[in-house]
Every structure is written in structure tokens, then in C-alpha cells.
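Student: Heads up, here are the entries from TrEMBL:
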- 99-492: domain 'Amino acid transporter transmembrane' (DOMAIN)
- 135-157: transmembrane segment (TRANSMEM)
- 194-216: transmembrane segment (TRANSMEM)
- 228-246: transmembrane segment (TRANSMEM)
- 253-276: transmembrane segment (TRANSMEM)
- 288-310: transmembrane segment (TRANSMEM)
- 322-346: transmembrane segment (TRANSMEM)
- 368-392: transmembrane segment (TRANSMEM)
- 412-429: transmembrane segment (TRANSMEM)
- 435-456: transmembrane segment (TRANSMEM)
- 477-500: transmembrane segment (TRANSMEM)
- 530-554: region 'Disordered' (REGION)
Amino acid sequence: MSCSVCIYIPNISILFSSPPSLELSIDPFLALKQHYPYYHLRKSCRGNKTEVEECEEGRQIMASSDKVVETVIVGNYVEMETEGKPKGMKSKIPNLFWHGGSVYDAWFSCASNQVAQVLLTLPYSFSQLGMLSGILFQLFYGLMGSWTAYLISILYVEYRTRKEREKVDFRNHVIQWFEVLDGLLGKHWRNVGLAFNCTFLLFGSVIQLIACASNIYYINDNLDKRTWTYIFGACCATTVFIPSFHNYRIWSFLGLIMTTYTAWYLTIASLLHGQVEGVKHSGPTKLVLYFTGATNILYTFGGHAVTVEIMHAMWKPQKFKAIYLIATLYVLTLTLPVAAAVYWAFGDMLLDHSNAFSLLPRTPFRDMAVILMLIHQFITFGFACTPLYFVWEKAIGMHECKSLCKRAAARLPVVVPIWFLAIIFPFFGPINSTVGSLLVSFTVYIIPALAHIFTFRSATARENAVEQPSKYFGRWVGTYTINVFVVVWVLIVGFGFGGWASMTNFIHQIDTFGLFTKCYQCPPPASAVSPPPHGHNATAAAPLHHPFNHTRSP
């Protein structure tokens, strides 16, 4: 009698033959299973009844072990899927809301994180770009953002595969973008990626805090925006208690619902409101405004600085490749109607109103939209800040700590500089373009494209790549061509012209309002408005603001 296990691996076929010993017949399979996840089992058992029963018993043991530890294949590495699956009834309900890792969770996280407060500034960008350019830039940067998110996912899989082959265990460690760069390209790439990524996420969190204060002011103006920033800074600090992206399941779902309501409220309310009297659509009028608006849209579709963390939270990360593109397509169904409808209704008035809420009359529907957007901005603050928490935990040696309270206490210092920067630069709208041109351009466009080029620059690396480029992209030649185009375009248009325009506008805001301004773009109090002098024609038109001067009250 002989009992054999034949294991088939791509380009490899290894046959183990052994006597009818259960231990010998199974151990080779278990050993290879850890290193070669692409396998198909074909077992044959021959001999007398007792020997066949022994072999069948071994087969059942292997089957039961697969149920206990179901493997997830990503390239050539193995991840334990059972970590994300509830084991009992008591854990099923909390996990339903708290512990996510499915494809749907990743899609909700990407879509929810991609469009938040920037939804309110897109009409402002359309007033700078004009209707046609605004629509084209949204479509163009949406596709470009999806491409670089795809590159990041490829590099993550490549890094994870190589490390798993070295038997590195990531079950108590969250992989981040700078670690991917370090593992694939070395410490210099790691340092550059870490600097850009952390700075972008820092200011991304700052923008969410500024947006909270800007929005709540349209419901309650008894407090100035700086005071509201203090309050919401304390509220957003509670995100330190959310352990990882696994735990954003219910929050990302609710966040997307809230954004969807806000988007369609703005669209429908603008259409019902109709065009204001004498509306003008003169954009684009100045290059500085044109490229400022373009970089705000670059920022809109550059929200995938947390792609690696979202992938790592998935049970099957290899399924991420098309998720960001599908999320972008949904986001476009929100951003295009909002920007087009509000710009159609109010035209050039948006040049002096960076927040779309400021032009619509106060109604219960608007108040509901403001409240929902506030909640979503709290969620998006957590999305942007959680990777910073991870970096800080690793720096102080607390990342693998089991105590949630200790980790939360250790994370609190990260919130302090965010709070402080939101008070220094409360320029809602212009700060988006500045961050987009100086940080997003490198963090999520240029660096991923260059990293992909240099990772697979050798023929050996391309031949052994875990994920081969699709034929629809032209294989390696087409992929390299697209990457070079992304780098050149973003470097010249996004960072070059966009950086010049956004910094010019940002410095103008500082010169006009100053740092630490108490209430950015707030209307002056009624007592501060002096009555017209006696005999003056009170019906005379007020002097027009220059379209570059964004100082009018919201």
C-alpha cells in the first residue's frame, strides 16, 4: 500500500510518496502549505481497509484544519482570515457593527474618506475654473487617482508577499505606506514617503477641524469659528479610542449615507432656488484662480493616503485593486451634480463664498445637512488621523500594546498640533488647494508612480512580480508610459502651476485676515456697520470686490 499527496504549484509539481504513516503523509503538505498558497490537492489512497481508513482520517484532519485556519491567498502569502470572523453569538452582533474587513467595508471606507468637506468647496472651484474645465478636471483626476491607488495596492501586495516568504508575522502589526517603500526601495524612499504622508495626513486632519467650525457657524453663530474649533478639537480627540480601520465598519457606512444626503440636498436646493438675479459665469478669469481650483480637485481625488491601512484591514486584500475605481465612480455621482448645480445657481458669487452652505437659505433641510456633514467630518478626521496614531505608536513602542486605554492615552499628543494648526490657519477652501498642490501631488500621485517604476525596473523584478500588469493597460510598456505621464503632469501642473497659484492665494488670505483670525469670512456685526452720511444716496451700488479677494462675508 502507498499513500501519496501530490501538490501542484504554478510551474512546480512535487510528489511526496511515503509509507502508510499518517504523520509522514501529512507533514510535507503542511510544510509546503505555509510557503506555496497556490495549491490543488489530489490524494490517492490504496491498500487494505485499515490503511485506507488511516489515509481518510488524515484527509479529514487536513480538511478540519482548513476550517479552523482558512487561508487567504494574496500573491504568495498567507493571512489568517479567521481573525475577522465572529466565533460565537455573543461576538457576532458587536462584530457586525465594529469589526469589518470585507470588500464592502473597504469600498465604504474609500468612498466615505474620499468625499467629505471638500464637497462644499467644489462649487467654489467651479467658479474659478468654469463649468467645462471643472467637469473635465473631475473626470481626469478621478481616473488618475484611481490609477495611483491601484499602483499602491500592487506595491502593498508585492511587499507583503516578500515579507511573508521571510516568515514575517503581521497579525499584530499594521503595515503602512512608508514601510512598503522601505521594504521595496530602501530607507531613503521610506524617509521621503514618511515625511510627505505624515504631513499630508496632519493637514488633512486640520482641514476637517476647520470645516467643522465653518459648518456649525451656519447653525449657531453665537460663538465665533475659533471657539467652535476649540470645541470640535476636543470632540475629535475621542478618535484615539478607535483601534484601527477594522473598527470603522459602521462609521464609514453612516458617513457615506450622510455625504450622499448632503450632496443631493445641495443639488436639489440649488435647482429649486434657481439662478440669482444677474448671475454671471465668467470663470476662468485669472490663471491664479484657474490653477487654484484645479489643485482643489486634485486634492479631492487624492484621498488615498490611507490606502495601505485600508487594505491591511481587509480579510482578502488582493480584492482591493478595483475598489478605489468603483468608489471614485460613485463619488463622481455626488460631486459633479453638486458643483454644477450650485455654480449654475450662484455663478461668480461663489468666488467670495468658499462654503456652499453660505449661499443657501436656512431651512430644516439645510440644518440637517450641516449636522450630518459635521458627523461625517468627525469620521473623516479619524480616517486621516489613525495612520498618524500608528506612526506615533511605533515611534514610542506602543503599537503592539494590548491595552486600548494605554494606546489611547499614548495617541493624545498627536491631536495637539492638529488643534493648534487649525486655529492658526482657519482658511477654509484656500487651504485645500495649498495642501493639494504641495503635499497630495507627491504623496498620492508622484511617489507611488515613481515607486512602481523603480521597484520593477529590472527584468528579474518584472518577471517575478506577484501581480503582472493587465493587457488592457499595455502590460509593462503601457504601465510605465502611464506612470511617466502621471509624474510629469502632476509635477508641472499640480505642483508647479498649482503650487504657485495656491500659495499666492494662501498668502493673500494671511495678509487679509492674519493668522489666528477669530472668525474667517464672518459677516461684520450689525453695530460695526456705520450708517450712510446724511444726504448720501443710500441706494447707490456698493463698490465691487475684486474676484481674487475672497473676503466677503459668507
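Note: Cβ is positioned from N, Cα and C throughout, glycine not excepted.
Could you place these features in context, so I can see how deep they sit and what lies close by?
Tutor: Note on the transmembrane segment (135-157): residues 74-75, 110, 122, 129, 175, 177, 180, 184, 293-294, 297-298, 300-304, 307-308, 311-312, 317-318, 320-322, 324-325, 328-329, 331-332, 335-336, 339-340, 444-445, 448-449, 451-452, 455, 466-467, 482-483, 486, 489-490 of its chain, located 6 or more positions outside it, place their CB under 8 angstroms from a CB of the stretch.
Long-range contacts of the transmembrane segment (228-246) within the same chain: residues 84, 99-101, 109, 174, 205, 208-210, 212-213, 216-217, 306, 309-310, 312-313, 374, 378, 381-383, 385-386, 389-390, 404, 407-409, 411-412, 414-415, 418-419, 422-423, 426, each at least 6 residues beyond the stretch ends and with a Cβ under 8 Å from a Cβ of the stretch.
Long-range contacts of the transmembrane segment (288-310) within the same chain, counting only residues at least 6 positions beyond its ends with a Cβ under 8 Å from a Cβ of the stretch, are 106, 109-110, 113-115, 118, 121-122, 124-129, 133-134, 137-138, 141-142, 144-146, 148-149, 152-153, 156, 174-177, 180, 197, 200-201, 204, 244-245, 320, 324, 328, 331, 335, 351, 383-384, 386-387, 390, 429-430, 432-437, 440-441, 443-445, 490, 493-494, 497-502, 504-505, 547-548.
A Cβ distance under 8 Å defines the sequence-distant neighbours of the transmembrane segment (322-346), meaning residues of its chain 6+ beyond its ends; these are 103, 106-107, 110-111, 114-115, 119, 122-123, 125-127, 131, 134-135, 138-139, 142-143, 145-146, 149-150, 153, 259-260, 263-264, 266-268, 270-271, 273-276, 279, 281, 300-301, 304, 307, 353, 356, 359.
Under 8 Å from some Cβ of the transmembrane segment (368-392) lie the Cβ atoms of residues 109, 112-113, 116-117, 119-120, 174, 176, 178, 194, 197-198, 201-202, 204-205, 208-209, 211-212, 215-216, 218-219, 232, 235-236, 239-240, 242, 244-245, 248, 251-252, 254-255, 258-259, 261-262, 265-266, 305-306, 309, 357, 399, 407, 410-411, 413-415, 418, all in the same chain and six or more residues away from its ends.
Residues of the same chain lying 6 or more positions beyond the ends of the transmembrane segment (435-456) and with a Cβ under 8 Å from any Cβ of it are 144-145, 148-149, 151-152, 154-155, 158, 181, 184-185, 189, 192-193, 196-197, 199-200, 203-204, 207, 295-300, 302-305, 462, 465, 476, 479-480, 483-484, 486-487, 490-491, 494-495, 498-499, 501-503.
Long-range contacts of the transmembrane segment (477-500) within its own chain (CB-CB distance under 8 A, at least 6 residues past either end) are made by residues 144, 147-148, 151, 287-288, 291-292, 294-295, 298, 433, 436-438, 440-442, 445-446, 449-450, 452-453, 469.
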